[in-house]
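Here is what TrEMBL records for this protein:
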{"type": "REGION", "residues": "16-70", "note": "region 'Disordered'"}
{"type": "COMPBIAS", "residues": "18-40", "note": "compositional bias 'Polar residues'"}
{"type": "COMPBIAS", "residues": "41-54", "note": "compositional bias 'Low complexity'"}
{"type": "COMPBIAS", "residues": "56-65", "note": "compositional bias 'Polar residues'"}
{"type": "DOMAIN", "residues": "146-168", "note": "domain 'CTLH'"}
{"type": "REPEAT", "residues": "288-329", "note": "repeat 'WD'"}
{"type": "REPEAT", "residues": "334-365", "note": "repeat 'WD'"}
{"type": "REPEAT", "residues": "546-578", "note": "repeat 'WD'"}
Amino acid sequence: MQANGAGQDRDLELSCRNGAQNGDASSTGVAHSNGLVSITNNGNSVSNNSSGVSAQPVSTNSSTADVKKKKRLSQCEEDVIRLIGQHLHDLGLNQTVDLLMQESGCRLEHPSATKFRNHVMEGEWDKHLLKSPRRGNKKHLNGKWSRMKFLLLQQKYLEYLEDGKVLEALQVLRSELTPLKYNTERIHILSGYLMCSHADDLRAKAEWEGKGMASRTKLLDKLQTYLPPSVMLPPRRLQTLLKQAVELQRERCLYHNTKLDTGLDSVSLLLDHACSRKQFPCYTQQILTEHCNEVWFCKFSNDGSKLATGSKDTTVIVWHVDAETQQLKLMKTLEGHAYGVSFLAWSPDDAYLIACGPDDCSELWLWNVQTGELRTKMSQSHEDSLTSVAWNPDGKRFVTGGQRGQFYQCDLDGNLLDSWEGVRVQCLWCLSDGRTVLASDTHQRIRGYNFEDLTDRNIVQEDHPIMSFTVSRNGRSALLNVATQGVHLWDLQDRVLVRKYQGVTQGFYTIHSCFGGHNEDFIASGSEDHKVYIWHRRSELAIAELTGHSRTVNCVSWNPVLPGLLASASDDGTVRIWGPDPFLDVQDPEGLTGMNTTNQYI
């Protein structure tokens, strides 16, 4: 935030006052142009001096009365009073503002600023509004005057055009705007508006509200950004500060998992923002027991309406997610995966689902989810190992590979389009550019491969095997499950390790973690100690440890549409659906009452 009354603003402040003093003195009980009122109260005169703090009240009976000294306000106190005064003024409580300024001895804004505001709002462009500032003021504006004058002349020009005064508008364009030699590209655009046949056409092409309060208020807001706050406060400054405070509290809240509402009407300013675990997916809402063996993988569809689970029992089960009750119902069972299902990938439009098996599986299944029909069963060689897959963003291609050195790009019918020799793939991901494929390999690294120009480059290098990884929606971050190390967060753009998350037990099993929650602010991972761990992206310490599974948790998946829904798949043969406290008070959606910040959950 800018500090009001900074040294470089004071010369401008004094000049503003001097320019406003001619003819501005008012009689007792009459409002000044700066919004203040001078009155006589029991012989004590209250007035404004150049320091912005009221003078000492002096008694008319100086022989018997002592001079009463008012407490001098600090700069911070003055700023707060001015902010409150501005807010009250915006609410139309002008008499209250006058009284506040009188009693405090502060000045809401300088008389010249008030004159400036009035001229703009009345459209009085020729009343000294467009005159260059004095030399001292010009120095402090640091070249901003040209921008301010351009904005004022632009409004003047557009208003002339709307009124049908084409000659006057042309005069402004030629004699006032063009000589500024500022933003010539915009001047060319403005000149084109001369061809507008009527006012509606002008407003549409200029994206302008038209002559009146709306456009002039918008203009004034822009102009105020060029003036120091000691002269004129930025518009709605108190509301801006309050919004920033609310947003900061929400960003620092470890459990906040809902959309950030930037409005102030949805929050109470009387309490600090604090969410509890009650609205966080820490409670078992449902246990899916339809699989009859270890469940190796789970993944929500991109639209959040379905969940696919793959198991050692050779089946894939597709579940329907009820958005209102957040309960899951069995939708389809896809059978015939002889080696079991250890990895699943939804197509970008959720129409297809690809299933891969463990290391000794050479086949890949591509299912039509809606019909339950097998579209493609792909196998290039019985010696292949196809354990991972990733869809190209166009939904027409996918890449697949395994640890035996296969790395293929195929179409939906399983036809081989391209291949990369000698890459022992552990996990795959296609970036949104449609060209780059990320692949972790047996050399403890992630490399980027381009199938179009056949180039590759190193992106991530770890010291231990990368068992699996996933990438955030914006493609900026990667989440790695590293053998014996746990979960690591990498910045793919800067190629640096950002954070190592603590708590999870990770050996040489393949465990899949995920980003999740609103805005992907959270990270979840399974663990060999039978728990699900959840971290806030900014914190290395877990904010939740979810217990309930009785064996290793192999995979977790966070619903991309319902941020309060999390699924976990385990060797105990079950899939657990985690959600908020089922007894959460509907009147207390953020769980503010009875808040408990412990990290252990039952």
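Note that Cβ sites are derived from N, Cα and C of the backbone, with glycine treated the same way.
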On the 0 to 100 scale, where does the mean pLDDT of the repeat 'WD' (546-578) fall? 96
List, by number or range, the same-chain residues at least 6 past the repeat 'WD' (334-365) whose CB is under 8 A from its CB atoms? 293, 296-299, 301-303, 305-306, 308-318, 372, 374-391, 393-395, 398, 400, 402-404, 412, 414, 510
Same-chain residues near the domain 'CTLH' (146-168), Cβ under 8 Å, at least 6 residues beyond its ends: 120, 123, 125, 129-130, 176-177, 180, 182-183, 186, 190, 193-194, 196, 199, 202-203, 206, 208, 210-211, 215-216, 219, 222-223, 226
Based on DSSP, tally up the residues of the repeat 'WD' (288-329) by helix, strand and coil. 0 helix, 21 strand, 21 coil
DSSP-wise, what's the residue breakdown of the domain 'CTLH' (146-168) into helix, strand and coil? 20 helix, 0 strand, 3 coil
Summarise the repeat 'WD' (334-365) as counts of helix, strand and coil residues per DSSP. 0 helix, 12 strand, 20 coil
